[in-house]
Each structure stands twice: as C-alpha cells, then as structure tokens.
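> My structure is below; once you've seen it, I'll send some questions.
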Amino acid sequence: MELLLLSNSTLPGKAWLEHALPLIANQLNGRRSAVFIPFAGVTQTWDEYTDKTAEVLAPLGVNVTGIHRVADPLAAIEKAEIIIVGGGNTFQLLKESRERGLLAPVADRVKRGALYIGWSAGANLACPTIRTTNDMPIVDPNGFDALDLFPLQINPHFTNALPEGHKGETREQRIRELLVVAPELAVIGLPEGNWIQVSNGQAVLGGPNTTWVFKAGEEAVALEAGHRF
C-alpha cells in the first residue's frame, strides 16, 4: 500500500499544504487522477474545499474530482489513482463516508494500488478507528471503526503543552485514558509538521519534531524522523 498520513495541512509562515507538496510529488509515481473526500469540512462548503485542493495540486499535474459531485461515487473510487481525504471534523467525515458506503471501497482500492493521502482527520480515517481524534463529536458516526489501512492509532496535531493556568488534561493524559479501556492499542502522538509515509511495505516517520508512541503500562517512547514502524 501507498499512504501519506499528515498531522496537519498548514505550518506557520507557509501556504496551505505547502510543506506537503514535495512529499506528494515524490509519491505520485505517475498517478494523476484523484478523488477528494471533503466531508470533514464543516465551516467551509464541500465545493469550496474541493476547489481549494484542486488548485493547490494542479501544479503537480493532479486532476482532482470531488466525490460528492459525481453521479456514481463507487465507480469514481474504482477508477481513481489517488484518494485524498481532507481534514476537519473526523466524526462528520466518518458519518458521511459510512452512510454513503465508501469505507470498504476506499480501503479496497488503496490495497490494490491507489495512493491514499490524508491530513488530520484524513489521517485518523486511515487508522483502525477514529478514537484518537481531537475533534468534538458534533455528529454520531454510528461507530468508530474506520479504514484500518494503518495498524496503529494516530493522534494528529499532538502537543502536550497547556496554556498557563489551564487545569484540563494534557493530550497524553487523554491518550492514557483510552489505553486504560483499550490496552491493546498503540497510539502515535504525531506533532504538527510531521507525517508517516507508507511505501513498499515500509512505514517511515518524517518531519522535524519528536513523535511519541504510547502503550498501556509503558513509558512514552520518543521517535525521530527516519524511524521505521
């Protein structure tokens, strides 16, 4: 399988997806036809989100079609060489994808050679479940099971920092709560600017920041760029 799982879409001082474009270009391998799944978008319309994505990827020669715009979404997925899933609200993304019957076809197409690109909520969707999203559950997705393309759980936008005076839980504390009730899971705390690239059977960590892996009953393990999962 070929996956590019990004923690986020924007870095300070850079344009939207700017930091990801070289990664995407490197993994295209001649692929040009893409479908975009915009359902995580809530405060922007799906048309706006699709057009924005198409515009930024056009210089790479990628032709982007919004899955919500086609008459036969399953046929579009079958024909796609690239499947792109944007960030936003993960619960909304999973709900719409499940109700439209897209989860199994997307997973199957990626397993048969399509490149999967997802940022934030799109990275969450590639995991076994969405239980490590940071998002508010604004809708009920009728279950948390997701695409299960990547075997570990990802927590995107990971930071353990708290504003001065803030008394809420740290991100690690929230992840530890999950590991109490689901000790079989391993969770990757993927900070902004980092990514996981899967190609030729290898999953490799990239990015400038320390990534953390959390497992039940164990201390967090720090990982740096180049680590192979």
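A Cβ is built for glycine as well, from the same backbone N, Cα and C atoms used for every other residue.
Sharing the feature lines straight out of Swiss-Prot:
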type	residues	note
ACT_SITE	SER120	active site, charge relay system
ACT_SITE	ASP135	active site, charge relay system
ACT_SITE	HIS157	active site, charge relay system
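Map the listed features onto the structure and describe their local environment.
DSSP assigns SER120 (active site, charge relay system) to coil, not to a helix or a strand. All chains included, 29 other C-beta atoms sit within 10 angstroms of the C-beta of SER120 (active site, charge relay system).
Of all Cβ atoms in the shown protein chains, 19 besides its own fall within 10 Å of the Cβ of ASP135 (active site, charge relay system).
Classification of HIS157 (active site, charge relay system) by DSSP places it in coil, neither helical nor stranded.
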> Around HIS157 (active site, charge relay system), how many other C-beta atoms are within 10 angstroms of its C-beta?
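By my count, 16.
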> What is the separation, in Å, between the Cα atoms of HIS157 (active site, charge relay system) and ASP135 (active site, charge relay system)?
11
> Could you tell me the C-alpha distance between ASP135 (active site, charge relay system) and SER120 (active site, charge relay system) in angstrom, no decimals?
10
